[in-house]
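Enquirer: Handing you this structure, nothing more for now.
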Amino acid sequence: MAQLSQDQLKAEVGRAAIRYVTPGTIIGVGTGSTVAYFIEALGEMPSPVAGAVSSSERSTAALRALGIPVLDANEVDHLDLYVDGADEIDPNGCMIKGGGGALTREKIVSSLAERFVCIADASKRVDVLGTFPLPVEVVPMAEASVVRRFAAGVLGTSGTAVLRRNDDGTPYVTDNGQHILDVRGLRIDDPLAMESAVNDWPGVVTVGIFARQRASLCLLGTPDGVATLTFG
Ligand SMILES: O=C(CO)[C@H](O)[C@H](O)COP(=O)(O)O
């Protein structure tokens, strides 16, 4: 049998996540190319969801295009389920997220949810977080100081933080009007401690470590099919 491409693996897990969705409920929806397949599958449910709280303008547009009502996060005090992708996921369900730039809203929406179902292709599974450049959303006037703090080192590791730019060279601007630094070279042995430490720096809006809100389970797309990883 031919090897499935990374995109096909994303499609498999995006569709597989539908089994965790209860028709008639409001769910939290993440952002990214894997989530795009999940949204597509949501649109095909015979009994649809009542609505979704979205983590980005991009996902909002995709949901609305399928006729799925999108609610503001402020209208909801609890969600049973949040489904989102990841850039890396470790053996404890801690993740690096924000490759697609939606980390702040992803953290807000996932914080409302009882259960975080991560959907990812097998390339995202790592033993230690940090090979994927860590996204950090920052207020623009704090960029230089945050770059210096990463260079000086935090919790025994240091990194090179670079401002994310669009193809035309202009700074990438998030849905919240802020910038993103991508930090290379970190070895994140203690995701919880690193998340807290970086969150404390002035001007940091959100660090793309999801350790407080780690995944409850992960549907991992592998060449042998979809594996379900659960985390204690
Ligand atoms: O955190 C994210 C967006 O901010 C995405 O979930 C992450 O980047 C994975 O994306 P993809 O499914 O396209 O590989």
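Residue numbers in this text run from 1 along the chain shown.
Keep in mind that glycine also has a Cβ here, set from the backbone N, Cα and C atoms.
Checked TrEMBL, it gives:
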- Thr31, Gly32, Ser33, Thr34, Asp84, Gly85, Ala86, Asp87, Lys97, Gly98, Gly99, Gly100, Lys124: substrate binding site (BINDING)
- Glu106: active site, proton acceptor (ACT_SITE)
Enquirer: For ligand 1, list the binding-site residues among Asp84, Gly99, Lys124 whose CB atom is within a distance below 6 Å of it, in sequence order.
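Expert: Asp84, Gly99, in sequence order.
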Enquirer: Taking the binding-site residues one at a time (Thr31, Ser33), which has its Cβ surrounded by the most other Cβ atoms within 10 Å?
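Expert: Result of the Cβ crowding comparison: Thr31.
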Enquirer: Using the alpha carbons only, what distance in Å do you get between Lys97 (substrate binding site) and Glu106 (active site, proton acceptor) once rounded?
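Expert: Per the Cα atoms, Lys97 (substrate binding site) and Glu106 (active site, proton acceptor) stand 9 Å apart.
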Enquirer: Among the binding-site residues Ser33, Gly99, Lys124, whose Cα is within 10 A of the Cα of the residue listed as 'active site, proton acceptor'?
Expert: none
Enquirer: Can you give me the residues near the recorded substrate site, meaning same chain, not Thr31, Gly32, Ser33, Thr34, Asp84, Gly85, Ala86, Asp87, Lys97, Gly98, Gly99, Gly100, Lys124 themselves, Cβ no more than 8 Å from the center of the site's Cβ atoms?
Expert: Gly30, Val35, Ala120
